[in-house]
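According to TrEMBL, the protein carries these features:
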| type | residues | note |
| --- | --- | --- |
| TRANSMEM | 48-73 | transmembrane segment |
| TRANSMEM | 85-103 | transmembrane segment |
| TRANSMEM | 109-130 | transmembrane segment |
| TRANSMEM | 209-230 | transmembrane segment |
| TRANSMEM | 236-259 | transmembrane segment |
| TRANSMEM | 353-373 | transmembrane segment |
| TRANSMEM | 405-425 | transmembrane segment |
| TRANSMEM | 437-458 | transmembrane segment |
| TRANSMEM | 478-501 | transmembrane segment |
| TRANSMEM | 522-538 | transmembrane segment |
| TRANSMEM | 558-577 | transmembrane segment |
Amino acid sequence: MRGTTERKNFSKDGVDHEAVAAPADLSVDWRGRPSNPNKHGGMKAAPFVLGLQAFEMMAIAAVGNNLITYVFNEMHFSLSKSANIVTNFIGTVFLLSLLGGFLSDSYLGSFWTMLIFGFVELSGFILLSLQAHLPQLRPPQCNMLTLSAKRDNHCLQANEFQTFIFFMALYLVALGSGCLKPNIISLGADQFVKEDPNQSKKLSTYFNAAYFAFCVGELIALTVLVWVQTRSGMDVGFGVSAAAMAMGLTCLICGTLVYRNKPPRGSIFTPIAQVVVASMTKRNLVCPSNPEMLHGSVNHSSNHIKDASSSFDNNLLHTDKFRFLDKACIKVVQDGVKESAWRLCTVAQVEQVKIIISVIPIFACTIIFNTILAQLQTFSVQQGSTMDTRLGKSFQIPPASLQSIPYIMLIFLLPLYETVFVPLARKITGKQSGISPLQRVGIGLFTATFSMIAAALVEKKRRTSAQNSHETLSIFWIAPQFLIFGISEMFTAVGLIEFFYKQSLAGMQSFLTAMTYCSYSFGFYLSSLLVSLVNKITSNGSSGWLSENDLNKDRLDLFYWLLSALSLLNFLNYLFWSKWYFYNPSLLTKTPPTYHHNHEYHEEEEDHSNHHHQSFNSSKRIGVDNIIIL
């Protein structure tokens, strides 16, 4: 049966409506047997995934957020090169999420992908701890901040062997974490049937709970683990990260018996490639005006019946955008010879490719957002190291721990968002999640601009005070930039993940979720590129804005103003693309879609309490629902 009923119920028009209505839940238990809703999935399975989310975030954040201090002070790379090493590392983590999503959807499944690469990440943490502990794997100790070190340049940089060991350990962590991240989200979300109206609300709650677990992990990493790194050394700190990762893997394994697992469906790229090849081959043909004439249409004969071996759901309704791709569905009769899959595709295949193309602009609009995040994990940490870190007479705040401020706030705000804001917004908008994912992303992108404005103003004051009055400002002056960005991330990060997951169909959840992490990757890579370009453009025969190891000589404030301008332009760009985007009606349907003779699709909106139906043609440009944030 493979998720569809064998009993056929064809109407006069020849359509098997029961096959349309039956949700294709192909989930299995750990032995590969069909899952039991009473034993598998739901809230009893999600906590194990959330535990892994918290512990893995704790481990990787403790390394990533304080890595610039280790690379600069212990490995003796220059400040700009150290910042680029950190941003390239974090960028690689998120870029490798595509590999994790592909392996999960195509071959391994989420659980086995997480288990395998979780141990890869653990081995990287252990090697980092050894590298930081053994003197022969590090250059001789030297204070990079002293004037004599700058003048005499006697701080030896790590040699080739030491650098090799460091990067091997670092990128084992990157490989493991990158392949793990999209599957943590998708495995947790797979515990809920998103096609079930009763579980749709729980799915949105899960995404908020996942971000709450993320915040808890970040908070512990930025306070307890960073304090351990500062007090006991980076070798002990990396060792604690390894222990946290081991506890996360224990959580994952403990939930084995209760998970609902989505089995892999073969290569996800083959159906996409088939659509591209078929549409190019038939580029000279004219698309029929009636979408029912396209091969594999939901409304044409019984071709829509679910094929469990396919990477796509076969009940996607046809849409009018990117009509050139529809040519892949035109059937050409050639003496009774059946066309191959590389010449004739189904509407479902074509519509999934349309979805992937449609989400790319939304994805691209979050890159600048993550470039701002890169500054908070690099230059802002170094900025804090030049300020007064004392809290009282004896206790000093590690600069990297300042990043914990937004997460302390978010731990209190997220429950309020879920229990107060969402119910209130639900009454106004009629949406189960309160506001749409695209609206949530838009609010976050707009708010991020003010984080860089605050950073620029504070850096200007800090630099002026240090140069003119030799006054050292308190480290709490840079708290607002972290605080504002934390609020921004609560909206953007969760909204983007929810948006991508809800746009994905069976066989594509992990890969499309991984695209959200690629935004982080490109954002951090763009940060490295911007630093290099700014130094090159602003040098003019002298030092550039960020070319010195001394922030009092650099012009970090001007760099922050540049990022705030880019962020504002990016938000305006997002408004355009979010209004251009519209959903495939099947993705909004929780009951079987009906097709009327006037060729209008009707859909049931997210609010199932009022059972309100709308015409797809009259409301297809959903966009950000006339975004209300301005």
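Just so it is clear, glycine is given a Cβ too, placed from its N, Cα and C backbone atoms.
Counting same-chain residues at least six beyond the ends of the transmembrane segment (353-373), those with a Cβ under 8 angstroms from any Cβ of the stretch are 272, 275-276, 319, 321-322, 325, 438, 441, 444-445, 448, 451-452, 485, 488-489, 492, 496, 499-500, 503, 512, 515-516, 518-520, 522-524, 526-527, 530, 563, 566-567, 570, 573-574, 577-578, 580-582, 584, 587. Packing against the transmembrane segment (522-538) from elsewhere in the chain are residues 80, 83-84, 87-88, 90-91, 94-95, 366-375, 378, 544-547, 555, 559, 562-563: each is 6 or more residues past its ends and has a CB under 8 Å from a CB in it. Taking Cβ pairs closer than 8 Å, the transmembrane segment (405-425) reaches residues 204-205, 208, 211-212, 215-216, 218-219, 222, 431, 433-435, 479, 482-483, 485-487, 489-490 in its own chain, all 6 or more past its ends. When each of the listed stretches 48-73, 209-230, 236-259 is scored by C-beta pairs under 8 angstroms to the transmembrane segment (478-501), 209-230 comes out highest.
When each of 48-73, 109-130, 209-230, 236-259, 437-458 is scored by its Cβ pairs under 8 Å to the transmembrane segment (85-103), the top-ranked stretch turns out to be 48-73.
When Cβ distances are compared across the two stretches, the transmembrane segment (48-73) makes no contact with the transmembrane segment (437-458), since fewer than 3 pairs at least 6 residues apart fall below 8 angstroms.
For the transmembrane segment (236-259), the partner stretch with the highest count of Cβ pairs under 8 angstroms, out of 109-130, 209-230, 437-458, is 109-130. Listed by sequence, the residues of this chain that lie at least six past the ends of the transmembrane segment (109-130) yet keep a Cβ under 8 A from its Cβ atoms are 30, 52, 56, 59-60, 63, 100, 103, 137, 165-166, 168-180, 183-184, 186-187, 190, 235-236, 238-239, 241-242, 245-246, 248-249, 252-253, 256, 259, 261-264, 510.
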